[in-house]
Structure formats: C-alpha cells, structure tokens
2 protein chains.
Amino acid sequence: MNAGTPPPRRMRADAHRNYQRLLTEAAAAFAEHGADFSLEAIARRAGVANGTLYGHFPTRRALLEALMGDRMRALAATGAELLTARSPFDGLVTWARAAMAHTTIYRGLGATLMQAVEDESSELHAACKAVLAAGEKLLARARTAGEVRPDVTAPDLYALINAAAWAGEQSSPPQGERLLTFGLNGFRTSATDQALPLPKLTPAPK
Amino acid sequence: MNAGTPPPRRMRADAHRNYQRLLTEAAAAFAEHGADFSLEAIARRAGVANGTLYGHFPTRRALLEALMGDRMRALAATGAELLTARSPFDGLVTWARAAMAHTTIYRGLGATLMQAVEDESSELHAACKAVLAAGEKLLARARTAGEVRPDVTAPDLYALINAAAWAGEQSSPPQGERLLTFGLNGFRTSATDQALPLPKLTPAPK
DNA sequence: ACCTGAACACCGTTCAAGT
DNA sequence: ACCTGAACACCGTTCAAGT
C-alpha cells in the first residue's frame, strides 16, 4: 500500500493514520492536477491541519519521495534486467520508454527529477541517482557493442527522457514519444556519419 | 525601443508613460527571474497600481507578446533567409540553434511557447505560428534534398527546440545544446538505417 | 480615458499553544 | 509526541470610485 520510503518507526496511531491519509490524498491530487498541486488543499482534503502535513513531509519533495521512491527503485531494477536483452540498443530503448512513462505519472514531475539528480539535499536525490546509474549501465553496454556513439552520457539520456516527457505534457503524449525516438536515434552510431559536433558538457557553472 | 506589437494608437500621455515603464520593468524582471515572475511585483517596481498593469496587459501572455513579438517575427525572417544556405540541413541547424537561444531569454518561456502555438486565443499564437511556419519551410527544403527523414514534422522541430531549451534551463545550457544536437541528428536520413519506428502524432485529443 | 487601491480568494511556511 | 490553527508575507484578478 505504502509506495515509498517507510515512515519513522513506531508512529503513534493517530499520526500513522494522518500520514496515510496524506499520502492517499496527495497521490490522487497529483495524478489529477499535477505535482505542483496545492499542499494546503491536500491537507484540507485529508482532513488535517496544514501544520500536520509539514510535520510529516517538510517539503514537497519529501512527499513525492514517499509516493514514488519505490517506483523509481523498481525502474532502476528493470534497467538491470534489461542488461540481458538480446540487443543492447533495444534494451536501452525499452527502458527509456518505461522511464519516460514513469515521469509522466504526475504532470510537471520532470522538472523536479531534473533538479533532484543534481541536488544532494533533495529527498529525491538518491532515487534519481539510482535511475541515472541504471541508464548509465544500459548505455555502457550499447556503447561497447558499438551501437551508440561513444560520447553519449548518462546525463544526456536522463535529460532526454525528462525533456521528452515534458514535451508530451505540453502538447500530446505521442509528441513526447516522437521526441524520445528522435533523440535515441540521434544516439546511434549510424547517426555519426556527417554528424554534428556535440557541445561539450562543462561541469555545473556554480 | 518598444520590442513588440505597438500599443493602441494615441494613448494619453500618462498612459503611454505607464505602458513603457511596465514594459521596461517586465523585461528586466523576466530576464532576471524568469517569465513566471510576479506581475504584482512588476507593477510595484514600475510605480503603478496593479490594476494599471491589467488595464494595459490583460494577461501575462499579452505582456510577453509586447516584449517578444518583434523578436519572434525576426526569428521567422532569419529562417526565410537561411532557405538560401548552401546546405539545407546546415541552414536548419543554424536556425534551430537561434530559435533555442531565443526561447532561453526568459526562464520558463518554453512552456508558454508550446501552449501558445496550439491555443488560438493566446496573444502569442500568431508569433508562434510564424516561427513554426519558418521551421516548416527549412524542414521541407532539407526533406526534398533527402537530408532529413520524410516523416519529420514542423511540430517535431518546434517541440525539440523548446524541450531542449527547457532541459538547458533545468541543468545547464550545454546540456540543452547537446539535446538539440542529438535530436537534429535523429532527424537525419542517415539515422533511418535500422531506425526505430516513429510514433504517429494523433490530432490533439480534445 | 485612464488610474487607484481595496476586495476576494487563494498560496507556502512557521510556530506557539494545546492534548 | 503529535496536532491545531492562527500568523505572516505573499499571489492573481476584478472592479467601484475617483480624476
């Protein structure tokens, strides 16, 4: 039932009940209205005071982690399984599509995931890093097989997945899938013929 | 000085002064804090009441149109000029990069541009359509030259530009440029060898 | 014709006071 | 140990009243 990191052990009974109600309402509200939905309204719907919400989840990210942490770790595990796919590139593609579908569960989630992977203080940081690492392994295998350009990085893959999810939210889901497809095709070695020079990633400016 | 669609003709002198002050403050605030910056604060900085801002610009989009309309039409004109580039694909790439740089002037602008191109009631709709049409012409030329896959559409290009700009804002500008590059390489005919099947764009669901 | 500023209905976040 | 609800500092948008 609980989809994320477990709450502190041995909560008082009423605290546990409030915790669960908040999670349930947040999941419904985020699914319907996006990950930016009012925390105040979520507390209201759960029948608790706003201070209670902040007591359990000090930030919006903490709430999202409780909701999605397990799902993200499952996504990373799926990536590990796909390392045995017959074609390394197909495995990469299958996983990238699953990752994009995951980003789409709550509208507006992509921005949070992009920031969390670079922000160590984010409650979602660990989960995002696990997803990034899973992508890196799939990428490395496809690279070794010569199916993917040698200069494609895990952050490239991570950014593509989230950006395509974003585009799908802005216009239509198929548009997002098309963007993901073009990007993945751009990763391929065959695209290296006459390929454009690739801007180099400098370490984060600040 | 005025960077967009001209204000209604023959404004009263004080009205004209307020109009200009609002534009100036908005440009500075959006550049520094992004396109979602508080309109209330902009009015305050301009030294006018919030009602005055709404009197001149009934929506945030109207304000953005006044700030960026000319710039977007100039971008479309640049696209027309690039139709004479020696290599059709190079012309496309040069323009796409300019378009992405344009999207980056105010943080968060990409979402507005993505929505406005599909929303006829948006004050930015006409300008976005002009940009889309410019992209379509460059794409058509590259398609005819056999340099680009026949199934790449203008909305694909438009979405790629905005999504790459978004990704650049979330992590770093070079990451955005890398994404644009991968996407454009994915557009190429050479990427069609063993290429992934492309999801079809269904007309907007509603 | 245009401007003002209050009014209304919201936010996120903190924290003293309760039980 | 946890909850409540008010307090504070904000929003966007509308509109009666002024000049």
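In case you wondered, yes, glycine gets a Cβ from its N, Cα and C as well.
Listed ranges B:38-57, B:78-97, B:118-137, B:138-157; the one TrEMBL annotates as DNA-binding region is B:38-57.
Long-range contacts of the DNA-binding region (B:38-57) within the same chain: residues 7, 15, 18-19, 21-22, 24-26, 29, 63, 66, each at least 6 residues beyond the stretch ends and with a Cβ under 8 Å from a Cβ of the stretch.
When DSSP labels each residue, the DNA-binding region (B:38-57) comes out as 15 helix, 0 strand, 5 coil, counted as helix, strand and coil in that order.
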